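Per TrEMBL, the feature domain 'Pre-SET' maps to 22-85. Per TrEMBL, the feature domain 'SET' maps to 88-212. The domain 'Post-SET' annotation in TrEMBL covers 234-250.
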């Protein structure tokens, strides 16, 4: 079932549509710093509606908070980007060795928003149950995003587009990707998993991101590790073809253990 936005999972534990953030009282058509409290919370977009990438090189990247449904600013506010959804022309196509893939039918500038990875937002217990129920032959669409906070806490978000999702589920992994994922918050602490261009992308180029989160993240923040020999039977080969290809898709054994 196609859904442009994430929905509450079958476990009913998390509702991504719930509005819990207060809105700004900005009266201008487009909010500006430092007047807007939404913009003061974290990273902002540039005038060309691209994510500012300079902060990604800092020790910690700043969060992104867009204006929400309770804000007084207009729908044309510069701080409303990911919530508007897909605006680019993308094409799902059959690749030679990787199954389905996605390519851009128009150029995408560096920092430009491409699409959201949408699906069922699950609680930890249901996400682990679904992952453990999979066989090595099953296609795994469930993504686990871990945000490392400055005080040492880790926030986890699980999204499963297996049965309900959008075009993001067809994006392939690459060890040298041209996209990277950023959690973007609009109405609540449940983030939208937004994919942005890591470099200028040409029309016709296949879109990909690093499933492990290595790209644009500090080393060691991923739980990926060198698996035991008996775990190799569960791993899937990587066919990205990049010079730095790791031969296998990213692996996180903690998702297969009891939470």
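Glycine too: its Cβ is placed from the backbone N, Cα and C atoms.
If you take every residue in the domain 'SET' (88-212) and average the pLDDT, you get 95.
Sorting the domain 'Post-SET' (234-250) by DSSP state (H, G, I as helix; E, B as strand; all else coil) yields 1 helix, 2 strand, 14 coil. Residues of the domain 'SET' (88-212) grouped by DSSP class, helix first, strand second and coil last, total 13 helix, 53 strand, 59 coil.
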